[in-house]
Amino acid sequence: MTNLQDQTQQIVPFIRSLLMPTTGPASIPDDTLEKHTLRSETSTYNLTVGDTGSGLIVFFPGFPGSIVGAHYTLQSNGNYKFDQMLLTAQNLPASYNYCRLVSRSLTVRSSTLPGGVYALNGTINAVTFQGSLSELTDVSYNGLMSATANINDKIGNVLVGEGVTVLSLPTSYDLGYVRLGDPIPAIGLDPKMVATCDSSDRPRVYTITAADDYQFSSQYQPGGVTITLFSANIDAITSLSVGGELVFQTSVHGLVLGATIYLIGFDGTAVITRAVAANNGLTTGTDNLLPFNLVIPTNEITQPITSIKLEIVTSKSGGQAGDQMSWSARGSLAVTIHGGNYPGALRPVTLVAYERVATGSVVTVAGVSNFELIPNPELAKNLVTEYGRFDPGAMNYTKLILSERDRLGIKTVWPTREYTDFREYFMEVADLNSPLKIAGAFGFKDIIRAIRRIAVPVVSTLFPPAAPLAHAIGEGVDYLLGDEAQAASGTARAASGKARAASGRIRQLTLAADKGYEVVANLFQVPQNPVVDGILASPGVLRGAHNLDCVLREGATLFPVVITTVEDAMTPKALNSKMFAVIEGVREDLQPPSQRGSFIRTLSGHRVYGYAPDGVLPLETGRDYTVVPIDDVWDDSIMLSKDPIPPIVGNSGNLAIAYMDVFRPKVPIHVAMTGALNACGEIEKVSFRSTKLATAHRLGLKLAGPGAFDVNTGPNWATFIKRFPHNPRDWDRLPYLNLPYLPPNAGRQYHLAMAASEFKETPELESAVRAMEAAANVDPLFQSALSVFMWLEENGIVTDMANFALSDPNAHRMRNFLANAPQAGSKSQRAKYGTAGYGVEARGPTPEEAQREKDTRISKKMETMGIYFATPEWVALNGHRGPSPGQLKYWQNTREIPDPNEDYLDYVHAEKSRLASEEQILRAATSIYGAPGQAEPPQAFIDEVAKVYEINHGRGPNQEQMKDLLLTAMEMKHRNPRRALPKPKPKPNAPTQRPPGRLGRWIRTVSDEDLE
């Protein structure tokens, strides 16, 4: 799960459940290994709006139990009145002993209108307060917004029709299970006796100094004198206990005290009242002890408690009006809230206030809570439990994502529509292999990518990627490879343990390597002058990132930079690459903060910003320039990168700076340039050719430079400007004789700066080469693999092929490509590509491939719903369909993978039967047996129809049953002598006699009588 190269386990279920609780529960991947079961509990309430149209909903988003929140309505006097508690659908303590909350989300909205109201009005304010409910000082509709300054924890003026969504985000990790206050076996004289086991983990204790030599004095009154000795804020929604004692002293005979403790709710009403002393007489001249020992169970706390009050009633035995009463008191009390300091139990709280909603409207609260639950012994007999899986990578990834939630836009309260829009983004965050397209649109791509790089361990590969080659060699040869394999794959490497010629930059890199710094560098080597062109970066420099920025219609030239690390004093290792743009002027506003303020001077005294101040740039420029990292380039704009990359050192960007200084293009030049231009007009070769080609090709650009690049520009400035494809000048007029960087003798032949080989032979490298040759001689398959690798390197597509391999782990696409590549010389090949070369003919998927794709789609859809057993293989065995309701019920109850093609009807609730009336059955039988006017159906046929209704649980016959009933009716009609007579068939009409033709005026027509 934590390996980015693993394509089969790419989802982090825990963070997906945290950000999208409706996808279902997931085990917390920490090291608390307890056998448990996962369960989702829904909460749905339709709350009626009061007369004022305003109210308040208090949520405890992190409470590990059945309590979700409470609803209060605002009264006309400006005070809130408690309405009801909000709980999960199932009372968890009745069936489970221990619990851990995984995730929770709740939605508040209104979509109903009372009678006489024709428009949905009203707004909602919501805020998450990082404290307890009693600590809020202003709970008015507008005052709530001042409870926090964090913009991601509050929203205001959301229409009630749109609604708000409350998302529970953890405040701590690696927590233990909480006892739910479940009932335990007990026997007592009172049949109503109940014993529960409450949570004692992390209690919250309030210590109250009730009296410190408090002096009371008053005159006698009938019924006694009542005072409030103390009132203090506390928070409790679970069981609590009160302990302590007060000591009273008096000099008045016959004084009698009574003490009462009140537990007061958020609305100011007394929820629980306990008399701790009644008619307690005081003795003069001594200490009178008044102990307190109260236990309040959870089932008596019917609404959130926010304060406690102690009242003392003083009276006098046989007292008369005017008698003096006085006493003094000292002592303290402790109020213990069981489990009150468990993270999320009492803080934070989320308050959702609605205002100006029509009286009588319904505000709907709906949500889901996901738990890890340990069942009680009775339920454990029939419920399968399993261990959670310890996954430090997934846990660290979750912690880092949520620690950056303010920068990633992850809120605790959302407008519901916005939260729905963010679901695809959350799914992308939970998928470690996602390309972060949506995150890039929101501007969070670089942050998440940096977090993945830190949190998720990645399989280390050779660079350029030659991991398939290394694995093919086997363990016997793998240890011989390493840095030398990179040299063999075409990357310039210094011999391990061998010193290079010293220079200032090399010494800087050595110092940086000793300190563990990262180095972003362009490396090239010319004879007798080894130079490292790079960027010195502090450790962990890539951990932060910023949003992207786009620059439109800005002239720029491009050049690639290779990111490397220094493993030892002289051996750099390439890791990645980045494209940079040269822009005219001082444009530090376009640079990441890590590059601002750093510049290097040219020979003419101008500045190039974005470079480290390392000497002088060997160019004569006519103006200042700024070098900025970019992520993409389009027709006339570039996308800037805000990765915290430090300033560049070296000369490989000189070619791009010189071109910018001479031609001053008005739009970005869509060709990247590589090579170091010196003061003599010579262009020096660079190493890491494959890496730089991949950098340019990744952006759809060609790479121009001296040597085997997409555009070979030659070894000097004169040939470069003639061959460069985007040069805007007419070369027939030869206007470049006096250009800067052109040597005095324009006809002088230049030689390549890179005369030496790309890497030096070393004993270790020779051993590695011999080992590979020996393996190739023994294994023909490895010989073929080596030939393929050399072919990839010669054509500069090693990196492209490695990236393609990551996207095609099972080589399905490659097999299809090879299977459908037409042979050279075929008819279709000649028609498309001429007489030579290869191509790919388009074709649709085979039925088997289409079926496999369908199985994969079904499996992915099931996975998004939290149904992980429905793999593509399982779906194929199940008749290429998803799990049935019975299979889902079986998996939810047993957590075992159901057998394909098994319906598990015992796990599906039986359909409720509906009894059909005799009139309905008779009407159906008559309709089926014959048309109106025919004989009535016999009783046997009516009984057959009644059986069908009984089988269908009160529903009429389906198509197959209707066919059977029609056949039965036909048979009964032929056997029944009392069946209606068939209607007579109509006789065919006799042909009419043809009328005689016109015979004339004097001719008589001959009739049959005349013929007789």
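From the backbone N, Cα and C atoms, a Cβ is placed for every residue, glycine too.
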Query - Per Swiss-Prot record, range annotated region 'Interaction with VP1 protein' [choices 213-222, 613-622, 1003-1012] - result: 1003-1012
Query raised in the report: Just the number: how many Å between the Cα atoms of Lys692 (active site) and Ser652 (active site, nucleophile)?
Result: 12
Requested in this report: Measure from the CA atom of Asp30 (divalent metal cation binding site) to the CA atom of Ser652 (active site, nucleophile) and give the result in Å, rounded to a whole number.
Outcome: 48
Query raised in the report: So how many other Cβ atoms are close to Lys692 (active site), meaning within 10 Å of its Cβ?
Result: 26
Query raised in the report: What is the number of other Cβ atoms found within 10 Å of the Cβ of Ser652 (active site, nucleophile)?
Result: 28
Report summary line: For Asp30 (divalent metal cation binding site), the same-chain residues 6+ apart in sequence with C-beta under 8 angstroms from its C-beta are Tyr173, Asp174, Gly388, Phe390, Met395
